[in-house]
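What follows is a short report on a single structure.
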Amino acid sequence: MSVEAEILRFSKSQSTKSNLYTTVAKTHLGEVAAVVISILISYGRLTAKDISQRSKIQLKLVKLTLVSLIQLNCIYYWHDKTSNNVYYSFNERGILMLLHSGEIIVHIKNKFGEEAAELTQHLIEFGNIKIEDYLINFKDEESKYKRESIITTLFTQKWLIGVSKVDFNPIEDLWMTVYEEVLRNTPRSTTMSEAKRIAEVKEEAKQKLSKLIENSRDVKQHIVIKDGLKRMNPSTIIRFNLDRFEKHLRTRCFVDFSRFKIGVLSSMVYEAALTAIEDNSPDMRHFFLEVTGLLNDPDERREFTNSIENKLVDDKKITFTLKDVLKYLPKEVDLRNSILSHNFLKPNPISKKRVNSDSEDQAPKKIKLEPDSEGQIQSPEEHTMEFEDFQRNIDVDNSNAQSLGLINQHLKLLASNSSVKFVVETTPGVYMVPFTEIVKNLKRHYYDTLVKYTLGADSLRVLRCLKACKIADEKTLANSVLLKEKAVRNTLFNLINLNIIEIQEVPRSADRAASKTFFLFRHKESNAYSFLRNSLLFSMAELSQNIIDFKSENKILLEKCEREDVKGHEDELLLESELKLLKNLKAREILNIGKINRLKSMFEVFGVL
Amino acid sequence: MDLSENAKLLHSRMVALPSSTLFGQEDLQKFLNTTKSADLLEAAQELINKKLLKLVKQGDELKFQATSMSEASKITSMSEDEAMIYSYIEASGREGIWTKTLKAKTNLHQHIVVRCLKSLEGQRYIKSIKSVKHPTRKIYMLYNLQPSIEVTGGPWFTDSELDTEFIDSLLKVVWRFIASKSYPTVFQAPSPNVNIVQASFPTTHNGFASLSSIVDFIANANITTVDLAINDVRSLCEVLVYDDKIEPIEHMIDSYKVTWSSILEAGYGRDYENPSNEAFVSPKLKSLAAPKHFSIFDSYSVIDSALADDKDLVYFDSWIYE
């Protein structure tokens, strides 16, 4: 086995991330790139010479690969001034972009049209492009102008960002440089303790780093106003903003979640609301959270994320009004008669009269329930409901398909769900989205649903009971979930096997005799989720590997199809059996990609959000 | 039965009061209208000999308890060992007594105990019951008594086995009842007055199912002959909450509504997707409402179980078996 193949084989056992990333790199970028990435994941950071030595690949080839990988944002570089070495380290964003590429292009196509999708595809293919270099390809002025305006639109909506030098540097190194500089410039003094000095330096360095990064993100430097028109600075280098796409993924997950918890129409209202604030919604990643040792305490981290969200609420960046929702709500959505208030005043003719006089086009409707599936079992209430009528809510204007009253009612439904608060009404008519809180609940529900579909309803019952009890033994669980003890024991075994729950041993004698010990169970979210995340990554890599494998099995046929003389004349030059095989291969590839995408959509919840 | 006048009088006065009443010495003296303890002693001894009077120790005091004539004749017909075993079984009440405890208390040989139990059981004086807590123990109690809840395990147990079928059908009924109260038109055929895509109660609605209404519903609908207390129904509701089929309503104690996901799972709430209901929904809205991408929450409509022989199959948990 060659050294390259050996290295790729090791990446499988190294970590699930390394496995997936190398497989993706191998399919999209080729074997050498995969080897370089695999080595950088295992060793952290290396010089080009080190990489060449460890991979037994020629230095020249390594350097060539590194350049294109840097261009594709798969690798960071850092020029160390003291040793005058250039170090390279792995940047997962580039690979993630490749993983999401299909969906990104489809989304941009649906939202901004064909040309924007084409531009996005080029950006993903090339990594970073200078605007003037891109526009040079278009000869006639009109299409050039059109492309420019597309770039401006995408840029102002943050789908594209300007690239600066710091984007290619690892954040840890940037932090250390800034920190050391501030430390050097802060003299020791007798009136200040060392701990206080370090804390102050840390605070100042944080501000300095924020400033450095924010300056590079500043939109204004990339936009020039020419003849009263906002235009992009032609020398700006742009790239696709994966962070912005991740925000869209979050919106999508939230909408799915609300659709499942509240209903289709409410989820459409929610989607409109989320779209209205998507541009300004809090980032999923923050460089402070990525630097090791900056925010250690989980409480501190939580506080930091909350503070970002609170600031956005205070600045009215992620709040919205009913009119904002109306603006983004598709015109086809018809909310009429979706909010019905139940009138239980049936025996009282006076109140009925009042109801009739209050609403104009009132059509009292007799409700007849369908025969109960339980046979003779019918509730007395269900019988009386035959005579009850539904009254349209008086406060809601039902004549308009998208009246503000109806939108408000749907937002209220979203705000009043007992398990998840999808929106929070800050002041009457003004709502905000509590992102961090929803993400937490979304993960929980997602996980529960997954347990239900993979391990069965009993497992879900036991798991949710365990969550409610925090910690419990087998007997307590069996009593609360009304299942046979044997069934509970089997379920617990399955749950433990998949690291969904943990065992706590409680010894009852001094010698910790196993016969006397009894066991408690508990569910710990962080461990369970990280296990799931790894499983998802691993399965995705396995599926990608499947594609690589069956393609290499049929290498001869596939190479034949790629030949210039065969291309386009497959029907004439290939045997019938070959055509059939080719068709099967294509179908298998599509099936596997479909599966990868499903896993990816789960990974979005546990890995991205 | 031959009894002296005094003994007869004393016994008839004692049985006139409820059988569980305990009498002190003074009470008995009052019954006989005598202050002489010798008179009482004579009558009481006679009754005790004939098994019509029992001595019971309550705290530090000695008390008397009357036994009915039929009960006494039952006991007198028994052998001495049988009577002793019978008295212990009787004392255990509705809890019953384990044969091992019986042996320890009576200090009799195993064989004798077994023989006596057999003969008592044969005469239908006692019966053997199964305990939920200790399924392997042989427990006896008086024939005419009902085992207590601790022994039977409550309404969820039939023949000391957890009756999961009964529980499941009750859960279904309760879920359906709560569902009918949670969404206004969920079990109805579509109509032009109701939005087919989604019809919900407003947030001000307060007619959701409360625990007491569920109890009433179960009692009135003649679903079961087993008496269900409010706590039993509460535990049913808790199980439904664990199943994520219902959820408690905020700010309302013991009120529940079903989750929309459980409605979808039961096959309701998707009328707008049905081609026969095209009159109620515009095609544009229908296409807008159709799922556009994979979502785990919708997966029961997507997963294909016929993929088991797929060559490229990757199991979800393949990582741990790697």
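Yeah, the Cβs are placed from backbone N, Cα and C, and that goes for glycine too.
Ranges compared are A:195-222, A:279-306, A:559-586, and TrEMBL records coiled coil for A:195-222. For the coiled coil (A:195-222), the model's pLDDT averages out at 89. Same-chain residues lying 6 or more positions outside the coiled coil (A:195-222) and placing a CB less than 8 Å from one of its CB atoms are 155-156, 161-162, 164-167, 174-175, 178-179, 181-183, 186, 188-189, 232-233, 236, 287-288, 294. For the domain 'RNA polymerase III subunit RPC82-related helix-turn-helix' (A:19-79), the DSSP-based tally of helix, strand and coil residues reads 45 helix, 8 strand, 8 coil.
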